[in-house]
Amino acid sequence: MSSRPLESPPPYRPDEFKPNHYAPSNDIYGGEMHVRPMLSQPAYSFYPEDEILHFYKWTSPPGVIRILSMLIIVMCIAIFTCVASTLAWDRGYGTSLLGGSIGYPYGGSGFGSYGSGYGYSYGYGYGYGGYTDPRAAKGFMLAMAAFCFIAALVIFVTSVIRSEMSRTRRYYLSVIIVSAILGIMVFIATIVYIMGVNPTAQSSGSLYGSQIYALCNQFYTPAATGLYVDQYLYHYCVVDPQEAIAIVLGFMIIVAFALIIFFAVKTRRKMDRYDKSNILWDKEHIYDEQPPNVEEWVKNVSAGTQDVPSPPSDYVERVDSPMAYSSNGKVNDKRFYPESSYKSTPVPEVVQELPLTSPVDDFRQPRYSSSGNFETPSKRAPAKGRAAKSKRTEQDHYETDYTTGGESCDELEEDWIREYPPITSDQQRQLYKRNFDTGLQEYKSLQSELDEINKELSRLDKELDDYREESEEYMAAADEYNRLKQVKGSADYKSKKNHCKQLKSKLSHIKKMVGDYDRQKT
């Protein structure tokens, strides 16, 4: 008995099947056997159609983008508040500080008259000598905060209201481009803002370096108390706490835009790899609540079927437990379910008299007939025709190809143990090795056939988004898409898929037996 828990068989991982684990002992072939390295499986070998991406969750990549955009909105408001609170101290200087006829109102310094000798400094941006105007730097910072606020608000609103535009790859490409541009501009604005609010940081490279340093040096060295301090000059030379907070928030916005780019790229890659039917943009509530009045319904049904012979005691267990049925719909040969226990007593009347509109149908459970076979609700492929593409039904979000007993419990493991018991000799190991190679080739051939259908469906799904719905290209692609969906829903496809999973379980068991034998020898 294997120690593996009762669950689905492990996914086939090519890197685990290394040839050196299955090579024969050196004492048989003298160490001269060379095995060709095994190539990796195709990208769709892990059944991507079985995986569902829950993009409505806040922890998913689109959800993280929503969170980051919300944080950018808050940080932009904080930057606007911090920068705007320091604008009042800029009215005492500006263009007249380093060039103009008025001069800075710092009594007796003569700094304004000195600046007038060098000519007029530009009031917006940069003047002579590479000097950065604080008002221009703050205006640049406020403008970028406003642009980032608008962009983040658009991203947040379009994703929260779950618009169709926000569910396309083109939308996330736009998010990447806008985030990259705004991130670069915010970085430039933050650097310019640092130079504007900290004049000593730019004084070394400007013509007014010595004058700026002489004016601001008094605030950087300890001075006697009681002296008059000009508040305008103080706020010009010293970085205020609000300005420091704005600088930090500016760099945090840059990091937030970088993270948005990362998760937008991740979202586009997932949308390219998986089919649209595998992505859930809205939360579904199918199995959250139990159907109403189930007990009352059961009582009514029981009252109407009193003269029907009672089924055997283990019949309910066999119906309720999917482990009692194999993939072809027949009962497995499990020891505690012999054929005589359920073929001797007819029970189909109970099932046939149930109303078709019963609440149990909402569960989409298999319906069993008298022969022991079961019927599963048919899945409708999403129609892609001349009209707009219909949305995927709620039931199609969930895999209706149930994993039955032959695939999910340890019955199949017991079958493999009976067919491939633990290895006791090198000759038996070689036999297992040959069976493994044969099964592996069959698995790879069968898997590649299934992969071609999945990849072709994914390619056609992307093409349908690019074509105009009434064009000939769209109609041709839609016909091919619907044909492949019918092929994928056929019994032959499901049979091959189940056989592929059984081969995967067989290869995993053989690998375990060989590994156990090699560990015992060592």
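Cβ coordinates are placed from backbone N, Cα and C, and glycine is handled just like the others.
Keep in mind it's a predicted model, so treat the numbers as computed, not measured.
According to Swiss-Prot, Phe140 and Lys433 sit on opposite sides of the membrane.
Residue counts for the topological domain 'Cytoplasmic' (162-174) under DSSP, helix first, then strand, then coil, are 10 helix, 0 strand, 3 coil.
DSSP assignment over the domain 'OCEL' (414-522) gives 95 helix, 0 strand, 14 coil.
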